[in-house]
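I have placed the structure first, in the form of structure tokens, so that the comments after it can refer back to it.
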Amino acid sequence: MFTTITPSFVTDLFSRFKKLFRRAPRLPPRLSPDEKIIHRNFTGKLNEPNVEEQWKARQQNVKDAFTHAWSGYKKFAMGYDELMPVSRLGVDGLGGLGATVVDALDTAMIMGLDEVVSEAGSWIESHLLDRIRQKGQVNLFETTIRVLGGLLSAYHLSGGDQGMTLAQKGPKPTIYLDIAKNLADRLLSAFTSSPTAIPFSDVVLRDSSAHSAPDGLSSTSEVSTLQLEFNYLSAISGDPKYSTEGMKVLAHLKTLPKTEGLVPIYISPHSGEFSGENIRLGSRGDSYYEYLIKVWLQLRDTQDGNFTYLHDMYEEAMRGVKHMLVQKSIPSELVFVGELPVGPKGYLSPKMDHLVCFLPGTLALGVTKGLTKEKAMKDNLLTFEDLENLKLAEDLTKTCFEMYSVTSTGLAPEIAYFHTKDYFESGLDGGNKSSEYVNDIIIKHADRHNLLRPETVESLFVLYRITQDPKYREWGWHIFESFEKYTKVESGGYSSLDDVTTVPPPKRDKMETFFLGETLKYLYLLFGDSSVIPLDKFVFNTEAHPLPIKSS
């Protein structure tokens, strides 16, 4: 049976805000014995303000990195989707909507960079609507998470919908909302053109038409990673059509057969059925699981409470992950998440995309719903299964960090394999011979690139907020230092790398939009005050654009 989605419940979604509350300050980082001597005052106690000053300084370093990245983009690629920092050129690979501008805007707002907010906001006000009206084919998923999500977050953070007013400059919030509605109206054709509840993958913006990919399929993750954005747009526009179409997808996915909550990575918009048997939490599978819990968090306190099915689907899937995909490496027992390339009855591949490193943060969020572990335990909110999931989140976060520390550059490859009793290849380590895990992690030649991805620092941010363990900040700082050392381009911007196992690593000459939209944003928030964008009041879309959680 399909869950009934009516315009009335969507119109009632998110009726008003509860006031945000400030959290207590977090515990300071643990210091080495030498640092303790330096930071002790005459009472022999740690001088905590000095520790926090250190993190403020590190946060400023991230802010400076963002400014450097933006300066290169502004100088050489303004209005293009992405910067090629080595060539000093702009390139359009996401439909030509100036994706870096929109993706970076709310990061600049959170960092208080008014000049960047003004530059980005002015470009959006002057150019984006014309681009949307004139451009051709775009991917529904990428455009929703980056451009629509970025506009909606900017709307809220600039004071729209009684939101925060982080931006002192730039257009009025209604400008962002009006452009978002125009874009979403065109994207809706992917849903309304499809013969099933599953949308087509591609939209032609200028004539609001849509079609499937050449193979006729959509990615499972892509069709199920649109709902946070469309729900919020319905709430602030008063028009239920966006949420209605988005939620039809999840209601339909609920009815399809699964394997312990796990699903294949392809689905047909023509039949509405899954295609193939490949199961993984990397590309084309990842954010299906992420949005099950996040959409539930977004909607659970609204007047219509018929969304428990999302939480049930999430919990079943996480049990399936633990039972079918989680293994430990040899010899040092790193916990990793493998893949089932030929389905549940086939072999487990010890392959783990960097993309899978979203999972620890998602698991931790599912445990405490954004509260600190301390508060959740004090209020007796955690079950044994919750604690088990949080332990898995911590174990996986360590694995994701070791994927960085095992390489010569301190930066992770796009894909890693793990040494198991059934699989090992010699001569394919990460290059850091002093790493304890040099024999556990195998990096094939084709997988050694680094795209400046955010997933690991995203999980470090969430795990730090929830557990308050300072090691996650320290790990984040190590990663940031490696980005600074090996990916920075002096003329402006940061570049993806071709091989993280060699020094110096050859540059790939591309700065993905998510480096400004996600990676640097999560690092900045990791090193800052935890009361900024609190996890129990906001939900981050899969492109790190924070959207407020509303309640009835």
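Any Cβ shown, glycine's included, is placed from N, Cα and C.
Taken straight from TrEMBL:
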- E142: active site, proton donor (ACT_SITE)
- D286: active site (ACT_SITE)
- C357-C400: disulfide bond (DISULFID)
- E414: active site, proton donor (ACT_SITE)
- E455: active site (ACT_SITE)
- T542: Ca(2+) binding site (BINDING)
> What are the non-local neighbours of C357 (disulfide bond), defined as same-chain residues 6+ apart in sequence with CB under 8 A from its CB?
Replying inline: L396, T397, C400, M403, E455, T456, E458, S459
> Using C-alpha atoms, which one of the recorded positions E142, E414, T542 comes nearest to D286 (active site)?
Replying inline: T542
> For E142 (active site, proton donor), which residues in the same chain are close in space, meaning a Cβ under 8 Å from its Cβ, but six or more apart along the sequence?
Replying inline: L94, G95
> About how far apart, in whole Å, are the alpha carbons (Cα) of the residue listed as 'Ca(2+) binding site' and E414 (active site, proton donor)?
Replying inline: 18
> With every protein chain in view, how many other Cβ atoms are within 10 Å of the Cβ of E455 (active site)?
Replying inline: 24
> How many other Cβ atoms sit within 10 Å of the Cβ of D286 (active site)?
Replying inline: 25
